[in-house]
Amino acid sequence: MASQGPLELQPSNQSQLAPPNATSCSGAPDAWDLLHRLLPTFIIAIFTLGLLGNSFVLSVFLLARRRLSVAEIYLANLAASDLVFVLGLPFWAENVRNQFDWPFGAALCRIVNGVIKANLFISIFLVVAISQDRYSVLVHPMASRRGRRRRQAQATCALIWLAGGLLSTPTFVLRSVRAVPELNVSACILLLPHEAWHWLRMVELNLLGFLLPLAAILFFNCHILASLRRRGERVPSRCGGPRDSKSTALILTLVASFLVCWAPYHFFAFLECLWQVHAIGGCFWEEFTDLGLQLSNFSAFVNSCLNPVIYVFVGRLFRTKVWELCQQCSPRSLAPVSSSRRKEMLWGFWRN
């Protein structure tokens with residue numbers, strides 16, 4: 001079996017040790033050569049956009065004078081998770097450029113891959129929490145308590161970060177740099193101690209990391225859409241109102257973007273697990289899964305720099321927060337501005 005992508009790179013043949021082209025199947029050498037040449041540039045572009053975009057989003061959330069809402073607490077944590085994630089991408093770009101010859105030592109092998117793996121879980125768990133929050137506000141509005149929900153949101157985010165760290169522990173522990181004589185490289189690989197670990201990994205990655213969260217996301221968002229249709233997006237002010245409708249539009253877009261970007265990776269990761277337990281075999285499935293994992297990994301990477309774009313173009317409340325922050329930092333913000341004048345300025349700013 002050839003290599004997996006950066007999220008769970010395990011350069012391997014039947015002994016789970018050799019990177020791409022070290023197996024008997026080598027039907028797509030040109031495709032691999034193209035990937036080694038082009039993907040590092042793509043990864044660095046994702047890193048640059050993700051670093052700037054998520055730093056901007058976090059700055060807006062953290063520097064604003066107003067206290068963060070529940071939705072904004074979750075969104076700020078999602079931006080922080082994406083920011084931590086993209087910090088590991090330059091290491092992986094160099095690794096791909098070197099054809100998986102890891103140049104940074106065993107410690108960074110564990111740290112970079114562990115952080116990337118933790119982000120996989122943290123991101124999707126945060127999307128579940130965001131969806132559940134919108135579900136609570138729109139479907140069961142009377143049960144929500146604003147002050148109490150803020151404390152719950154903060155505690156939920158802390159638990160999500162802890163869960164992501166715990167679920168990525170095997171990556172921190174079992175990742176290591178090993179020589180692969182067939183290719184004359186030292187690869188950063190995942191050394192599973194027993195074949196039964198492949199089943200555990202399948203449960204962890206595909207079930208806990210995608211299918212169960214996906215079921216929850218679909219449940220919450222289907223009920224949200226049904227509730228919006230019933231109400232014609234006219235929610236009584238005590239239960240939500242225009243502010244919640246705008247937040248819901250942003251969150252539904254984020255959820256859709258997340259699923260589109262991450263679903264291909266989990267599909268190919270599932271195929272890779274089937275290969276490891278010998279449920280599928282043959283050169284076609286080997287090449288198809290290996291190349292698919294590489295490409296789907298980078299479609300998942302796109303999500304980390306796409307979220308800030310969604311905030312700006314879909315999140316009207318986020319844009320308003322940006323404007324308020326600009327006014328706050330401007331010397332002219334010290335001068336009093338009437339409420340009607342502020343509304344007029346904001347309306348003109350976002351119409352243009």
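Even glycines carry a Cβ here, placed using N, Cα and C.
Residues or ranges marked as topological domain 'Extracellular' in Swiss-Prot: 1-39 (among others).
Residues annotated as region 'Disordered' in Swiss-Prot: 1-24.
The compositional bias 'Polar residues' annotation in Swiss-Prot covers 10-24.
Swiss-Prot lists ASN13 (among others) with the feature N-linked glycosylation site, giving sequence analysis as the kind of evidence.
What Swiss-Prot lists as N-linked glycosylation site is ASN21 (among others), and the listing cites sequence analysis.
Feature annotation from Swiss-Prot assigns transmembrane segment to 40-63 (among others). Residues 72, 75-76, 79-80, 82-83, 85-87, 89-90, 92-94, 96-97, 298, 301-302, 304-305, 307-309, 311, 318, 321-322, 325, 328 of the same chain sit 6 or more residues outside the transmembrane segment (40-63) yet have a Cβ under 8 Å from a Cβ within it.
Per Swiss-Prot, the feature topological domain 'Cytoplasmic' maps to 64-72 (among others).
Feature annotation from Swiss-Prot assigns transmembrane segment to 73-97 (among others); the stated evidence is sequence analysis.
Counting residues per DSSP class in helix, strand and coil order gives 6 helix, 0 strand, 7 coil for the topological domain 'Extracellular' (98-110). Marked as topological domain 'Extracellular' by Swiss-Prot: 98-110 (among others).
Applying an 8 A CB threshold to same-chain residues 6+ apart, the list for CYS109 (disulfide bond) reads TRP102, ARG175, SER176, VAL177, CYS188. Feature annotation from Swiss-Prot assigns disulfide bond to CYS109-CYS188.
Annotation source Swiss-Prot lists transmembrane segment at 111-132 (among others). Taking Cβ pairs closer than 8 Å, the transmembrane segment (111-132) reaches residues 6-9, 71, 74-75, 77-78, 81-82, 84-85, 87-88, 91-92, 104, 153, 156-157, 160-161, 163-165, 167-169, 171-172, 175, 188, 190, 205, 208-210, 213, 216-217, 220-221, 224, 251, 254-255, 258, 262, 303 in its own chain, all 6 or more past its ends.
What Swiss-Prot lists as topological domain 'Cytoplasmic' is 133-154 (among others), and the listing cites sequence analysis.
Among the features that Swiss-Prot reports, transmembrane segment is placed at 155-177 (among others).
The feature topological domain 'Extracellular' is assigned by Swiss-Prot to 178-198 (among others). For the topological domain 'Extracellular' (178-198), the number of residues in each DSSP class (helix H, G, I; strand E, B; coil) is 3 helix, 9 strand, 9 coil.
Taking the Cβ of ASN184 (N-linked glycosylation site) as reference, no residue of its chain lies under 8 Å away while being at least six apart in sequence. If you look up Swiss-Prot, you'll see ASN184 (among others) marked as N-linked glycosylation site, on the strength of sequence analysis.
Remote same-chain partners of the transmembrane segment (199-225), defined as residues 6 or more beyond its termini with a Cβ less than 8 Å from a stretch Cβ, comprise 8, 120-121, 124-125, 127-128, 131-132, 134-135, 138-139, 167, 170, 192, 248, 252, 255, 259, 262-263, 266, 269-270, 273, 277. Per Swiss-Prot, transmembrane segment is recorded for 199-225 (among others), and the stated evidence type is sequence analysis.
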For the topological domain 'Extracellular' (272-290), the number of residues DSSP places in helix, strand and coil: 13 helix, 0 strand, 6 coil
Neighbouring C-beta atoms (10 Å sphere around the C-beta of CYS188 (disulfide bond)): 29
Residues of the topological domain 'Cytoplasmic' (64-72) by DSSP state, where helix covers H, G and I: 3 helix, 0 strand, 6 coil
Arithmetic mean of per-residue pLDDT over the topological domain 'Extracellular' (98-110): 91
